[in-house]
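Student: Okay, these came from Swiss-Prot:
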DOMAIN    104-287  domain 'ATP-grasp'
BINDING   Lys141, Glu178, Tyr179, Asp187, Arg211, Ser212, Asn213  ATP binding site
BINDING   Asp248, Glu260  Mg(2+) 1 binding site
BINDING   Asp248, Glu260  Mn(2+) 1 binding site
BINDING   Glu260, Asn262  Mg(2+) 2 binding site
BINDING   Glu260, Asn262  Mn(2+) 2 binding site
Amino acid sequence: MKIAILSREPRNYSTRRLVEVAQARGHQVEVLDTLRCYMNIASHSPSIHYEGRELESYDAVIPRIGASITFYGTAVLRQFEMMNTMALNSSVAISRSRDKLRAMQLLSRHGIGLPITGYAHSTHDVPDLITMVGGAPLVVKLLEGTQGIGVVLCETHKAAESVIEAFIQTNNNILVQEYIREANGADIRCLVVNGKVVAAMRRQAQPGEFRSNLHRGGTAEAIKISPEERATAVQAAKIMGLDVAGVDILRSARGPLVLEVNSSPGLQGVEAASGKDVAGKIIEFLELKASRKNKPAE
């Protein structure tokens, strides 16, 4: 196959691994800087241009779109889809998962376990919002935040009021969530590919920190997940419409709780911790998806 990878970082571990595996399996791969792609949105002949040239057709596209460029990145991916290029994850599914509030509402609607979560517009509702999630300590999350940025643990009622009001008054959209004390600063990242958990790791926050993101100094180790955790991860990815996803789960007294469903999960931490060839599983699935698309109707 001829595969395009949309990535702003060609030297990034995840991008390099996908290129290496795809080439080793005989595919032709080109890494395209998402923000350098530009589009001709014509009725009968839509096209994508890159560095002054019109791109030829690709059999498949792998989107590695960072959260900060979701709007433009999904627009580029839609253009590939308009040109009948098969996407590893669809633009619709990526947009759905990137809207954290919408994602939480969809997961809630389907009965997926979640931390108690509140959302409000007015500072007048802050006291009730704090009560709604069980009081302090609680967690405040910027809807646009990634990699643990914009996530604040408020340990007292007064601190919670101050932080929430400050965010609202500066026109930031936030979620307010209960703090799951029994998780002890750890979460589980499950890598789901084609409806199966192909690898999992436990991420532990460093001492004095509650955010377990590896970008924030957290550590990772292999973990054996329970059947309930496995089913939760698979179902969460399915609800988002993602064929490849990183599902973040907290272990709580009432069972697994989903924190987030990531449409462009990093591979370095989970491959190192689990010893699994996740990039290989992704390319194998891409081949399977292509064969299904090209299979003639009986």
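A Cβ is built for glycine as well, from the same backbone N, Cα and C atoms used for every other residue.
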Student: Which chain-mates of Glu178 (ATP binding site) that are at least 6 residues away have a CB under 8 A from its CB, listed by sequence?
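Tutor: Looking at Cβ-Cβ distances below 8 Å from Glu178 (ATP binding site), excluding near sequence neighbours, one finds Pro115, Ile116, Thr117, Val133, Gly134, Leu138, Val139.
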Student: Who sits close to Asp248 (Mg(2+) 1 binding site): which same-chain residues at least 6 apart have their Cβ under 8 Å from its Cβ?
Tutor: Asp187, Ile188, Arg189, Cys190, Val258, Leu259, Glu260, Val261, Asn262
Student: Let me spell it out: for each of the binding-site residues (Asp187, Glu260), count the other Cβ atoms within 10 Å of that residue's Cβ, using every protein chain shown. Which one has the most?
Tutor: Asp187
